[in-house]
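Taken straight from TrEMBL:
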{"type": "DOMAIN", "residues": "11-260", "note": "domain 'Thiolase N-terminal'"}
{"type": "ACT_SITE", "residues": "Cys94", "note": "active site, acyl-thioester intermediate"}
{"type": "DOMAIN", "residues": "271-387", "note": "domain 'Thiolase C-terminal'"}
{"type": "ACT_SITE", "residues": "His347", "note": "active site, proton acceptor"}
{"type": "ACT_SITE", "residues": "Cys375", "note": "active site, proton acceptor"}
Amino acid sequence: MGTANRSETTVILAAARTPVGRFNGALADIPAPALGGIAIQAALGRSGVAPELIGQVVMGHVLPAGTGQNPARQAAVAGGIPMHVPSFAVNKVCLSGLTAIAIADRFLRAGDCDFVVAGGMESMSRAPHLLPQSRRGFKYGEVTMLDHAAFDGLTDAYEGIAMGAATERDAREAGLTRAAQDEFALGSQEKAAKDAAARAGEITPVETRRGVVDADEGPRESSLEALAALRPSFAEGGMLTPGNSSPLNDGAAALVLTTRSRAEELGLAWESEILSYATVAGPDTSLLYQPANAIRRAAELAGVALGDLEAVEINEAFAAVALASVDALGVDPERVNPGGGAIALGHPLGASGARLVQTLSRRLPSGTVGAAALCGGGGQGDAMVLRAR
(Lines of atoms letter the chains of each structure in order from A and count residues from 1; the text may use other names and numbers.)
(Lines give C-alpha, C1' and ligand atoms only; values in the text may rest on other atoms or scores of the structure.)
Protein backbone atom coordinates (compact mmCIF):
# COMPACT_ATOMS: atom_id res chain seq x y z
CA MET A 1 0.00 0.00 0.00
CA GLY A 2 1.29 3.45 -0.80
CA THR A 3 0.80 6.83 -2.41
CA ALA A 4 2.36 8.30 -5.54
CA ASN A 5 1.40 9.54 -9.02
CA ARG A 6 -0.03 12.66 -7.42
CA SER A 7 -1.51 15.60 -9.27
CA GLU A 8 -0.66 17.79 -6.27
CA THR A 9 2.50 17.64 -4.18
CA THR A 10 2.81 18.09 -0.44
CA VAL A 11 5.75 20.09 0.87
CA ILE A 12 7.30 20.41 4.31
CA LEU A 13 7.48 24.06 5.29
CA ALA A 14 9.24 23.67 8.63
CA ALA A 15 9.72 21.31 11.54
CA ALA A 16 10.85 21.39 15.14
CA ARG A 17 11.41 18.88 17.88
CA THR A 18 12.17 18.82 21.55
CA PRO A 19 15.42 17.32 22.74
CA VAL A 20 15.12 13.59 23.26
CA GLY A 21 15.20 12.88 26.98
CA ARG A 22 16.46 9.77 28.70
CA PHE A 23 14.05 7.50 30.56
CA ASN A 24 13.33 9.24 33.87
CA GLY A 25 15.66 11.98 32.72
CA ALA A 26 15.41 15.71 32.15
CA LEU A 27 11.97 15.64 30.47
CA ALA A 28 10.37 13.03 32.73
CA ASP A 29 8.08 15.51 34.51
CA ILE A 30 6.51 16.78 31.28
CA PRO A 31 3.44 14.96 29.88
CA ALA A 32 3.49 13.92 26.24
CA PRO A 33 0.85 16.47 25.15
CA ALA A 34 2.91 19.27 26.68
CA LEU A 35 5.99 18.07 24.80
CA GLY A 36 3.89 17.91 21.65
CA GLY A 37 2.68 21.46 22.21
CA ILE A 38 6.24 22.74 22.54
CA ALA A 39 7.21 21.14 19.22
CA ILE A 40 4.05 22.37 17.47
CA GLN A 41 4.52 25.96 18.64
CA ALA A 42 8.14 25.99 17.49
CA ALA A 43 7.34 24.42 14.11
CA LEU A 44 4.60 26.98 13.48
CA GLY A 45 6.97 29.79 14.37
CA ARG A 46 9.55 28.53 11.91
CA SER A 47 6.97 28.04 9.14
CA GLY A 48 5.51 31.54 9.11
CA VAL A 49 1.99 30.08 9.03
CA ALA A 50 -0.58 31.60 11.38
CA PRO A 51 -2.04 29.01 13.79
CA GLU A 52 -5.63 29.79 12.73
CA LEU A 53 -4.84 28.65 9.18
CA ILE A 54 -4.13 25.06 10.25
CA GLY A 55 -6.89 22.69 9.11
CA GLN A 56 -5.94 19.52 11.01
CA VAL A 57 -3.47 18.33 13.62
CA VAL A 58 -2.37 14.68 13.49
CA MET A 59 0.03 13.36 16.14
CA GLY A 60 1.51 9.93 16.67
CA HIS A 61 1.14 8.75 20.26
CA VAL A 62 1.52 5.17 21.50
CA LEU A 63 1.18 5.34 25.29
CA PRO A 64 -1.87 7.50 26.08
CA ALA A 65 -2.98 5.96 29.40
CA GLY A 66 -3.21 8.66 32.03
CA THR A 67 -2.56 11.58 29.67
CA GLY A 68 -6.17 12.76 29.51
CA GLN A 69 -8.76 12.97 26.79
CA ASN A 70 -7.55 13.30 23.19
CA PRO A 71 -3.84 13.98 23.78
CA ALA A 72 -3.37 15.28 20.24
CA ARG A 73 -5.92 18.02 20.83
CA GLN A 74 -4.22 18.89 24.09
CA ALA A 75 -0.94 19.21 22.21
CA ALA A 76 -2.52 21.35 19.50
CA VAL A 77 -4.05 23.79 21.98
CA ALA A 78 -0.83 23.89 24.01
CA GLY A 79 0.97 24.73 20.78
CA GLY A 80 -1.22 27.77 20.17
CA ILE A 81 -3.63 26.27 17.65
CA PRO A 82 -7.22 27.51 18.08
CA MET A 83 -9.98 25.31 19.45
CA HIS A 84 -11.82 25.24 16.12
CA VAL A 85 -9.07 23.08 14.56
CA PRO A 86 -9.76 19.29 14.70
CA SER A 87 -7.02 17.07 16.10
CA PHE A 88 -6.49 13.35 16.53
CA ALA A 89 -3.81 10.83 17.43
CA VAL A 90 -2.40 7.84 15.54
CA ASN A 91 -1.23 4.66 17.26
CA LYS A 92 0.76 2.46 14.90
CA VAL A 93 3.49 1.78 17.46
CA CYS A 94 6.90 2.97 16.20
CA LEU A 95 5.42 3.95 12.83
CA SER A 96 2.97 6.45 14.33
CA GLY A 97 4.83 9.70 13.68
CA LEU A 98 5.56 8.90 10.05
CA THR A 99 2.01 7.65 9.46
CA ALA A 100 0.73 10.95 10.87
CA ILE A 101 2.68 12.79 8.17
CA ALA A 102 1.29 10.45 5.50
CA ILE A 103 -2.24 11.21 6.71
CA ALA A 104 -1.47 14.93 6.53
CA ASP A 105 -0.28 14.42 2.95
CA ARG A 106 -3.61 12.84 2.06
CA PHE A 107 -5.64 15.61 3.70
CA LEU A 108 -3.73 18.16 1.65
CA ARG A 109 -3.87 16.37 -1.68
CA ALA A 110 -7.58 15.71 -1.21
CA GLY A 111 -8.14 19.44 -0.81
CA ASP A 112 -9.56 19.08 2.70
CA CYS A 113 -7.04 21.51 4.22
CA ASP A 114 -4.60 24.19 3.17
CA PHE A 115 -2.20 23.52 6.05
CA VAL A 116 -1.72 20.56 8.39
CA VAL A 117 0.46 20.02 11.44
CA ALA A 118 1.67 16.44 11.84
CA GLY A 119 4.17 14.75 14.10
CA GLY A 120 4.43 12.62 17.19
CA MET A 121 5.01 12.70 20.93
CA GLU A 122 5.79 10.33 23.77
CA SER A 123 6.66 10.32 27.44
CA MET A 124 7.78 6.79 28.18
CA SER A 125 8.89 7.97 31.61
CA ARG A 126 5.30 8.82 32.52
CA ALA A 127 3.71 5.63 31.16
CA PRO A 128 1.84 4.21 34.17
CA HIS A 129 1.45 0.72 35.54
CA LEU A 130 -2.03 -0.69 34.98
CA LEU A 131 -4.45 -2.93 36.90
CA PRO A 132 -6.78 -4.17 34.12
CA GLN A 133 -9.00 -6.27 36.42
CA SER A 134 -9.33 -3.73 39.22
CA ARG A 135 -12.92 -2.69 38.42
CA ARG A 136 -14.16 -6.20 39.24
CA GLY A 137 -12.04 -6.52 42.36
CA PHE A 138 -9.42 -8.99 43.51
CA LYS A 139 -10.84 -11.65 45.80
CA TYR A 140 -7.77 -13.79 46.44
CA GLY A 141 -4.09 -14.17 45.59
CA GLU A 142 -1.42 -11.93 44.20
CA VAL A 143 -2.15 -9.04 41.88
CA THR A 144 0.02 -8.33 38.85
CA MET A 145 0.30 -4.89 37.31
CA LEU A 146 0.95 -4.29 33.62
CA ASP A 147 3.68 -1.90 32.56
CA HIS A 148 1.95 0.33 30.00
CA ALA A 149 5.20 0.99 28.11
CA ALA A 150 6.22 -2.66 28.01
CA PHE A 151 2.81 -4.22 27.36
CA ASP A 152 1.27 -1.70 24.96
CA GLY A 153 4.45 -0.41 23.36
CA LEU A 154 7.14 -3.07 23.37
CA THR A 155 5.46 -6.50 23.50
CA ASP A 156 4.36 -8.34 20.38
CA ALA A 157 0.60 -8.87 20.70
CA TYR A 158 0.66 -12.14 18.75
CA GLU A 159 3.62 -13.96 20.23
CA GLY A 160 3.29 -12.38 23.66
CA ILE A 161 7.02 -11.71 23.91
CA ALA A 162 9.10 -8.55 23.85
CA MET A 163 9.92 -7.31 20.37
CA GLY A 164 13.55 -7.49 21.43
CA ALA A 165 13.19 -11.19 22.21
CA ALA A 166 11.62 -11.81 18.81
CA THR A 167 14.35 -9.79 17.10
CA GLU A 168 16.99 -11.74 19.03
CA ARG A 169 15.62 -14.95 17.53
CA ASP A 170 15.20 -13.52 14.03
CA ALA A 171 18.68 -11.95 14.02
CA ARG A 172 20.24 -15.28 14.87
CA GLU A 173 18.31 -16.98 12.08
CA ALA A 174 19.46 -14.24 9.69
CA GLY A 175 23.10 -14.91 10.56
CA LEU A 176 23.80 -11.57 12.21
CA THR A 177 26.57 -11.48 14.80
CA ARG A 178 26.94 -9.69 18.12
CA ALA A 179 30.17 -8.11 16.88
CA ALA A 180 28.49 -6.60 13.82
CA GLN A 181 25.66 -5.21 15.93
CA ASP A 182 28.04 -3.69 18.47
CA GLU A 183 30.12 -2.15 15.69
CA PHE A 184 27.00 -0.60 14.17
CA ALA A 185 25.95 0.73 17.57
CA LEU A 186 29.35 2.32 18.17
CA GLY A 187 29.11 3.97 14.76
CA SER A 188 25.75 5.44 15.69
CA GLN A 189 27.20 6.95 18.87
CA GLU A 190 30.25 8.35 17.07
CA LYS A 191 28.22 9.88 14.25
CA ALA A 192 25.79 11.44 16.72
CA ALA A 193 28.66 13.00 18.67
CA LYS A 194 30.14 14.55 15.52
CA ASP A 195 26.72 15.78 14.38
CA ALA A 196 25.75 17.63 17.57
CA ALA A 197 26.15 21.12 16.11
CA ALA A 198 24.14 20.36 12.98
CA ARG A 199 21.47 18.57 15.01
CA ALA A 200 21.00 21.61 17.24
CA GLY A 201 19.08 23.30 14.44
CA GLU A 202 16.33 20.70 14.73
CA ILE A 203 15.76 21.29 18.43
CA THR A 204 13.65 23.80 20.32
CA PRO A 205 14.64 24.20 23.98
CA VAL A 206 12.39 22.94 26.76
CA GLU A 207 12.11 24.68 30.11
CA THR A 208 11.93 22.36 33.10
CA ARG A 209 12.00 22.84 36.86
CA ARG A 210 15.70 22.04 36.78
CA GLY A 211 16.56 24.42 33.97
CA VAL A 212 16.52 24.60 30.18
CA VAL A 213 17.12 21.43 28.17
CA ASP A 214 18.43 22.19 24.69
CA ALA A 215 20.28 19.04 23.64
CA ASP A 216 19.57 15.33 23.32
CA GLU A 217 20.48 13.41 26.46
CA GLY A 218 21.24 10.13 24.71
CA PRO A 219 24.58 10.26 22.87
CA ARG A 220 27.43 8.95 24.98
CA GLU A 221 31.05 7.91 24.67
CA SER A 222 31.54 4.20 24.17
CA SER A 223 33.92 1.60 22.76
CA LEU A 224 33.71 -1.87 21.29
CA GLU A 225 35.18 -3.22 24.51
CA ALA A 226 32.52 -1.53 26.63
CA LEU A 227 29.74 -2.71 24.33
CA ALA A 228 31.08 -6.27 24.31
CA ALA A 229 31.00 -6.32 28.12
CA LEU A 230 27.25 -5.63 28.32
CA ARG A 231 24.96 -8.47 29.27
CA PRO A 232 22.35 -9.66 26.76
CA SER A 233 18.89 -8.19 27.30
CA PHE A 234 16.58 -10.88 26.02
CA ALA A 235 18.25 -14.31 26.02
CA GLU A 236 21.05 -16.14 27.78
CA GLY A 237 24.08 -15.82 25.54
CA GLY A 238 22.09 -13.52 23.27
CA MET A 239 23.25 -10.76 20.94
CA LEU A 240 20.89 -7.88 21.69
CA THR A 241 22.05 -5.67 24.57
CA PRO A 242 21.26 -2.22 25.97
CA GLY A 243 24.20 -0.99 23.91
CA ASN A 244 22.99 -2.13 20.48
CA SER A 245 19.29 -1.47 21.05
CA SER A 246 17.43 1.82 21.33
CA PRO A 247 16.60 3.02 24.85
CA LEU A 248 13.30 4.26 26.32
CA ASN A 249 12.83 7.99 25.81
CA ASP A 250 10.70 11.11 25.99
CA GLY A 251 10.25 13.69 23.23
CA ALA A 252 8.12 15.18 20.48
CA ALA A 253 8.45 16.42 16.90
CA ALA A 254 6.10 18.39 14.66
CA LEU A 255 6.03 19.45 11.01
CA VAL A 256 3.96 22.05 9.16
CA LEU A 257 2.87 20.93 5.71
CA THR A 258 0.99 22.41 2.76
CA THR A 259 0.74 21.86 -0.98
CA ARG A 260 3.46 23.09 -3.26
CA SER A 261 0.99 25.23 -5.20
CA ARG A 262 -0.25 26.90 -2.00
CA ALA A 263 3.30 27.56 -0.81
CA GLU A 264 4.21 29.15 -4.13
CA GLU A 265 1.00 31.18 -4.18
CA LEU A 266 1.73 32.62 -0.73
CA GLY A 267 5.49 32.94 -1.20
CA LEU A 268 6.28 30.49 1.60
CA ALA A 269 9.70 28.86 1.72
CA TRP A 270 9.73 25.07 1.93
CA GLU A 271 12.36 22.43 2.64
CA SER A 272 11.33 19.33 0.72
CA GLU A 273 8.45 17.65 -1.08
CA ILE A 274 6.91 14.25 -0.41
CA LEU A 275 7.33 12.01 -3.46
CA SER A 276 5.76 8.86 -2.04
CA TYR A 277 4.74 6.92 1.04
CA ALA A 278 4.49 3.17 1.49
CA THR A 279 3.35 0.91 4.29
CA VAL A 280 3.98 -2.84 4.32
CA ALA A 281 3.22 -5.77 6.60
CA GLY A 282 4.04 -9.45 7.07
CA PRO A 283 4.23 -12.19 6.09
CA ASP A 284 4.96 -12.64 9.81
CA THR A 285 5.76 -10.48 12.84
CA SER A 286 9.49 -10.13 12.15
CA LEU A 287 10.87 -6.58 12.16
CA LEU A 288 14.26 -7.15 10.53
CA TYR A 289 13.50 -6.38 6.90
CA GLN A 290 10.42 -4.18 7.18
CA PRO A 291 12.27 -0.85 6.75
CA ALA A 292 13.88 -2.26 3.61
CA ASN A 293 10.57 -3.61 2.33
CA ALA A 294 8.89 -0.26 2.87
CA ILE A 295 11.72 1.75 1.28
CA ARG A 296 11.77 -0.51 -1.75
CA ARG A 297 8.02 -0.05 -2.24
CA ALA A 298 8.13 3.71 -1.67
CA ALA A 299 11.04 4.08 -4.11
CA GLU A 300 9.09 2.14 -6.74
CA LEU A 301 6.08 4.40 -6.25
CA ALA A 302 8.27 7.49 -6.58
CA GLY A 303 10.09 6.14 -9.62
CA VAL A 304 13.41 6.43 -7.81
CA ALA A 305 16.25 3.90 -8.01
CA LEU A 306 17.61 2.76 -4.66
CA GLY A 307 21.09 3.79 -5.76
CA ASP A 308 19.87 7.35 -6.25
CA LEU A 309 18.95 7.81 -2.59
CA GLU A 310 21.35 10.42 -1.28
CA ALA A 311 20.50 9.68 2.34
CA VAL A 312 18.50 7.03 4.16
CA GLU A 313 17.19 7.42 7.70
CA ILE A 314 16.32 4.03 9.23
CA ASN A 315 15.07 3.87 12.79
CA GLU A 316 17.57 2.00 14.92
CA ALA A 317 15.08 0.19 17.12
CA PHE A 318 17.77 -2.48 17.17
CA ALA A 319 21.09 -2.54 15.35
CA ALA A 320 19.96 -5.88 13.93
CA VAL A 321 17.05 -4.24 12.10
CA ALA A 322 19.20 -1.52 10.57
CA LEU A 323 21.92 -3.99 9.54
CA ALA A 324 19.47 -6.41 7.95
CA SER A 325 17.64 -3.68 6.07
CA VAL A 326 20.77 -1.96 4.79
CA ASP A 327 22.05 -5.30 3.53
CA ALA A 328 18.72 -6.12 1.88
CA LEU A 329 18.58 -2.75 0.12
CA GLY A 330 22.18 -2.84 -1.05
CA VAL A 331 22.61 0.88 -0.40
CA ASP A 332 25.89 2.46 0.64
CA PRO A 333 26.07 2.16 4.47
CA GLU A 334 27.78 5.56 4.59
CA ARG A 335 24.53 7.13 3.40
CA VAL A 336 22.48 5.54 6.19
CA ASN A 337 21.86 7.61 9.34
CA PRO A 338 24.80 9.95 8.65
CA GLY A 339 24.14 11.82 11.89
CA GLY A 340 23.55 8.76 14.03
CA GLY A 341 20.26 7.13 14.90
CA ALA A 342 17.98 5.94 17.67
CA ILE A 343 20.64 3.84 19.41
CA ALA A 344 22.43 7.09 20.22
CA LEU A 345 19.65 9.67 20.07
CA GLY A 346 16.78 7.65 21.54
CA HIS A 347 13.40 6.33 20.45
CA PRO A 348 10.31 8.03 21.94
CA LEU A 349 7.86 5.66 20.28
CA GLY A 350 5.22 7.98 18.85
CA ALA A 351 7.69 10.70 17.87
CA SER A 352 10.47 8.81 16.11
CA GLY A 353 8.88 8.65 12.66
CA ALA A 354 8.39 12.41 12.63
CA ARG A 355 11.93 12.96 13.90
CA LEU A 356 13.33 10.86 11.04
CA VAL A 357 11.39 12.82 8.41
CA GLN A 358 12.44 16.12 9.98
CA THR A 359 16.09 15.07 9.96
CA LEU A 360 15.94 13.85 6.37
CA SER A 361 14.16 16.99 5.17
CA ARG A 362 16.74 19.31 6.74
CA ARG A 363 19.83 17.36 5.74
CA LEU A 364 19.18 16.47 2.09
CA PRO A 365 21.26 18.55 -0.34
CA SER A 366 19.23 20.63 -2.78
CA GLY A 367 17.54 18.59 -5.49
CA THR A 368 18.49 15.21 -4.04
CA VAL A 369 16.22 12.38 -2.95
CA GLY A 370 16.20 10.41 0.28
CA ALA A 371 14.07 8.00 2.30
CA ALA A 372 13.04 7.60 5.93
CA ALA A 373 11.74 4.29 7.29
CA LEU A 374 10.90 2.36 10.44
CA CYS A 375 9.82 -1.08 11.51
CA GLY A 376 6.74 -1.41 13.69
CA GLY A 377 5.38 -3.88 16.21
CA GLY A 378 3.47 -6.79 14.73
CA GLY A 379 5.67 -6.95 11.63
CA GLN A 380 4.95 -3.73 9.74
CA GLY A 381 7.03 -1.06 8.04
CA ASP A 382 6.56 2.52 6.82
CA ALA A 383 8.70 4.60 4.49
CA MET A 384 8.56 8.03 2.90
CA VAL A 385 10.60 9.39 0.00
CA LEU A 386 11.44 13.09 -0.05
CA ARG A 387 13.09 15.38 -2.57
CA ALA A 388 14.87 18.46 -1.25
CA ARG A 389 14.04 21.83 -2.77
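Residue positions begin at 1 at the first shown residue.
Note: Cβ is positioned from N, Cα and C throughout, glycine not excepted.
Positions of the features from TrEMBL, shown on the structure.
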residue	record	DSSP class
Cys94	active site, acyl-thioester intermediate	strand
His347	active site, proton acceptor	coil
Cys375	active site, proton acceptor	strand
Integer Cα-Cα distance in angstrom, the residue listed as 'active site, acyl-thioester intermediate' to Cys375 (active site, proton acceptor): 7
Separation of alpha carbons, Cys375 (active site, proton acceptor) and His347 (active site, proton acceptor) (Å): 12
Arithmetic mean of per-residue pLDDT over the domain 'Thiolase C-terminal' (271-387): 98
